[in-house]
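Feature annotations, reproduced from TrEMBL:
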type: BINDING; residues: His68, Glu69, His101, Glu102; note: Fe cation 1 binding site
type: BINDING; residues: His232, Glu233, His265, Glu266; note: Fe cation 2 binding site
Amino acid sequence: MAPSATSPPPAEDPTILALRKTLTSESSPLALRFRALFSLKHLACQASLPAIHAIAATFSSPSALLKHELAYCLGQTKNLAAVPYLRTVLEDVEEDAMCRHEAAEALGAIGDTGSLDVLREFRDRAGEQVVVKETCEIAVARIEWENSEEGKAEKLKQSDFASIDPAPPMDQAESIESLEKSLLDTKLPLFLRYRAMFGLRDLASPPDLPTAVPAVLALAKGLEDPSALFRHEVAFVFGQLSHPASIPALSAALGNLEEASMVRHEAAEALGSLGEEEGVEDTLKRFLDDKEQVVRDSVIVALDMAEFEKGGQAEYALIPETAA
């Protein structure tokens, strides 16, 4: 059972208590809650159980955007203490599909073989939402790969990105053309297509690499994929890269009112990481009154991120006064 947001354990660090109070408060501005979350994520990734509990306590929020980000952050901790919370979210068929998808992806990131049964159950569940089924498929493949002899023997090149990805990058010795072919081949398993996606991502960083722009343009073609999950992951990767060459594709995805909200929201946040680029803030502001709540919320967070990018602050986080 998730700990209560109002009654944290008495011996917690005052910084974590202050961050928890901000994160769990429905009256706090959403952008401030996101900054508190990323601060807690930093502590949770250092094995702080109170930080993990503080993040999980916020699953009671009505904000689908915030809850999906909670699940992502818990997955990045690689900590088994997060597994029961994530399972609860995945198993709640009344929960927003975007949150359930992120919980499944987080279970894959943690990589515990004990999660395979629940992931297979929802991968194969009749009538399950496609985005949840597809995420469970990828998470199962990731855990199986990570625990296989082949996976253990594979020598992955060090990535510029510290994130635990839904799939490991494909060998960068492959050409952009070859990776693009795998990326766009809908007959391949999603896990292999994701591997191509993250392989292309790594060829686009740092941004002055000669392969960067061609890799970004190859990734942009993935925004035409039939899978909303796949399209949203391309937008997420663009957010990691913060490459100006992705702005036209991201702007088009956000501006397409027929696009799935999970894709549009990810495009908005990705544009937020490019906030110092000309015209990006104006593009985002056009969607502050969007018909989709998750898009409106993402634009608020994206504009806050854009301010951060322009301000040159060291880290997108909230530093409570107790930590000063």
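Every residue, even glycine, has its Cβ placed from backbone N, Cα and C.
Locations of recorded TrEMBL features on the structure.
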residue : record                   : contacts (Cβ under 8 Å, 6+ apart)
His68   : Fe cation 1 binding site : Asp96, Met98, Cys99, His101, Glu102
Glu69   : Fe cation 1 binding site : Phe34, Leu37, Glu102
His232  : Fe cation 2 binding site : Ala260, Met262, Val263, Glu266
Glu233  : Fe cation 2 binding site : Pro166, Tyr194, Met197, Glu266
His265  : Fe cation 2 binding site : Leu65, Met98, Glu292, Val294, Val295, Asp297, Ser298
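In sequence order, Arg231, Val234, Ala235, Phe236, Met262, Val263, Ala267 are the same-chain residues whose CB sits within 8 A of the CB centroid of His232, Glu233, His265, Glu266, the residues recorded for Fe cation 2 being left out. Same-chain neighbours of the Fe cation 1 site beyond His68, Glu69, His101, Glu102, judged by a C-beta within 8 angstroms of the site's C-beta center, are, in sequence order, Lys67, Leu70, Ala71, Tyr72, Met98, Cys99, Ala103, Glu105, Ala106.
For His101 (Fe cation 1 binding site), the Cβ neighbour count at a 10 Å cut-off comes to 28, with all displayed protein chains included. There are 27 other CB atoms within 10 A of the CB of Glu266 (Fe cation 2 binding site), with all protein chains counted.
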